[in-house]
Amino acid sequence: MSASAEQKRKIEENRARVLERLQKKRLGNATSNDKTASSSSSTTHRESPKRTLNQILDPPTKTLKSKFIDFESDGSVKRSKTQDQIQKVEQNRLRAIEIQNRLRDQKESKQAPQQAGEVTYGPTTDLEKIRLNKNNPDSVFDSRRGKFQPPPIKKKDYIEYDFATMQDTKGGFIHDEDRPRHDEETLQEWQDKQKELEQLKKAAPPIDIDAAPKCYECGSLDIDLNLYTNFRKVRACRQCIKKMPEKYSLLVKTECKEDYLLTEPELQDLSLLPRIEKPNPHGYSRMQLFLRFQVEEFAFKKWGSSEGLDLEWERREQNKLKRKEKKYQDALREMRKKTRAEEFTRKLRHGKSLNERHVHDWAAPVKLSDNMIKRRCIECGIEIEEVVI
């Protein structure tokens, strides 16, 4: 009893001390406030009644009363539930319990094989348990602790890769841009490729070997289908094509024009010279290829022989030189005329020909015909033609 009395005495002293502090605080706030504000507030508002320390520490609970609404003891509105609402609440509660149990069973079933496949290395410390988060395999936010728990680090004996879905990212620096891509092929390229494939499919081994086409040079049955189908059934095997490029090599249209002196209409006529077309590597128009010995036969037939072709080539080269020389002489003559005109203009500019009359100093006449001569002034360079009667 003595102890309880001592505690009560201390409580009363503490209450008195707190009340004294509150009163001092109120007096300090009252002196610092503006007098006008205090007077206006005192006239407009009623002063709140002073409360004791017990009233401040233990405020009385307000009881709400209404004729139309029923309140609970804690002040909340009392709501009456019907029998249907009560049954629905009970059904939802049972369904939630069932869902919670099912999710817990699924989590345990998933956790069992993961724990069986984990490899541990010695005893784990508290820090490792926090990192691995073995109690909770999924990364969740614990609202009670207020921390984000990361997913566990799952260590297995091996890592399985699916090579069917993996892609080569060229990490080894193997560049393959030179290889043709299928998405960049044009329609004509695709058609040419299909023709080549059809030729390969059609090239079945011959049934009658004696009647089968054979190479002109060595008599082999392994002839090149490209020459056989596109150049009027030229029979030549691949080895002979490599051995004799002076006969079976392919020429472009520019070489046919410059070396064999053929014209554009002759090269465009397929009845005279068959050809094949391929994409130009420089991106221009399609490249036309002709077989060398066919071009030579047609050129020798056109110019008579190889000597006639050489003579025609020399004649054209001489004509080129003559045209170049004539062009040079014409340019030189034009330059001389401009030089004479500039010289005469310069003399006039300096006043040498002013106030005096120019007298032509004619050179010896040049006879043009029987009754025509040409004279030229030595000083000014003017030329005249005279008729001799």
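Glycine is treated like the rest: Cβ placed from N, Cα and C.
Caution: TrEMBL annotation is automatic and unverified by curators.
According to TrEMBL, the protein carries these features:
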- 1-22: compositional bias 'Basic and acidic residues' (COMPBIAS)
- 1-61: region 'Disordered' (REGION)
- 31-43: compositional bias 'Low complexity' (COMPBIAS)
- 102-129: region 'Disordered' (REGION)
- 247-295: domain 'XPA C-terminal' (DOMAIN)
- 314-341: coiled coil (COILED)
_On the 0 to 100 pLDDT scale, where does the coiled coil (314-341) sit on average?_
90
*Near the coiled coil (314-341), which residues from the same chain, at least 6 beyond its ends, have a CB less than 8 A from one of its CBs?*
261, 380-381
*Please work out the helix, strand and coil residue numbers for the domain 'XPA C-terminal' (247-295) from the DSSP assignment.*
19 helix, 11 strand, 19 coil
*Would you list the DSSP helix, strand and coil counts for the residues of the compositional bias 'Basic and acidic residues' (1-22)?*
21 helix, 0 strand, 1 coil
